[in-house]
Amino acid sequence: MSKPLPERQQLVQPPAPEEASPDGPPPGGRGRLARFRRALHALYHGDSRAALRFQGVVFIVDLAIIAFFLATPALTGEPIYLWLDILIAIVVGLDLLARALAAADFRRWVRRPDVWVDAFIFVTLLAPAWFANLGYLRALRIWTLSRSPALWRGLRRHGLAHWEDATRAVINLATFLLVVTGFVYTGFVGRAEGIDTYVDALYFTVATVTTTGFGDITLPGTWGRLTSVVAMIVGISLFVRLAQAIFRPRKVSYPCPQCALTRHEPDAVHCKACGHPLKIPDGDDD
């Protein structure tokens, strides 16, 4: 009779599969267009050296676009503003087109919330005069950037996977603060006493979201009070989520082959949901 293998050897199984692309598998078919689509898919979702460089460039361009959106209140009256707006509209439009071509299932891709947000931002860039009052929603580009798998693959590749939840919580909170700040600046500048600049709107938003409420700046009317209420409720929820992500016991992402549960203790050898043996790579516990 053969001797039973030690417990750790019995639990050996293949490493966890790579994270699937949110746009589906690589596009199929033949012809130049199909090959072009597969090449785009490899660039946007692959892990080759060329793909990583491309994703890094895209990430830097996205940061530059976000910086432009944040600087919009100061640039609106400048002659260069319109040219920058047109240039960024071209970049965002090309990025949307490329991601649409890289998706195997266009219907599935177009139903994603981040695609809808990027499409709306693209429309506001095409007609900045018509959508001037909705320009503050461009800050949602920060949230769509956080939906990119390339960002989180980079964290995991450098052994920082345990910071993913906290980073997501920070991005969500920052996005909310900037959207509310833009709304307050657009709707109440010159109407509410004390709100004359973008910094004033940011000061009011932070004081409201943190429930500090110094009282030196208040929004007038029913809409002003409702804005304050919504900002406090949502802001508190996001702060609680951030605190949970930072202080709760750390878990690692590893899909269970049996039930697909992805959150486990770093030293788990069995899935807590179904009991299936696990072999979590040590690299995910740095």
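Even glycines carry a Cβ here, placed using N, Cα and C.
Curation plays no part in TrEMBL annotations; they are all automatic predictions.
Among the features that TrEMBL reports, domain 'Potassium channel' is placed at 177-246.
The region 'Disordered' annotation in TrEMBL covers 1-28.
As annotated by TrEMBL, transmembrane segment applies to 54-74 (among others).
If you look up TrEMBL, you'll see 80-103 (among others) marked as transmembrane segment.
The annotation transmembrane segment is assigned in TrEMBL to 115-137 (among others). Using a Cβ-Cβ cut-off under 8 Å and counting only residues 6 or more beyond its ends in the same chain, the transmembrane segment (115-137) has close neighbours at 69, 72, 82, 85-86, 88-89, 92-93, 95-96, 99, 109, 143-144, 178-179, 181-183, 185-187.
Annotation comment: TrEMBL describes 169-189 (among others) as transmembrane segment. Away from its own ends, the transmembrane segment (169-189) comes close to residues 70, 73, 133, 135-137, 139-140, 142-143, 145-146, 195-198, 200-202, 204-206, 209, 219-220, 223-224, 227, 231, 234-235, 238-239, 241-242, 244-246 of its chain (Cβ-Cβ under 8 Å, at least six residues beyond either end).
Marked as transmembrane segment by TrEMBL: 225-243 (among others).
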Handout entry: Cβ contacts under 8 Å made by the transmembrane segment (80-103) with residues that lie 6+ beyond its boundaries
Key = 23-24, 27, 36-37, 40-41, 43-45, 58, 61, 65, 68, 72, 109-110, 115, 118-119, 121-122, 125-126, 128
Handout entry: Residues of the domain 'Potassium channel' (177-246) by DSSP state, where helix covers H, G and I
Key = 50 helix, 0 strand, 20 coil
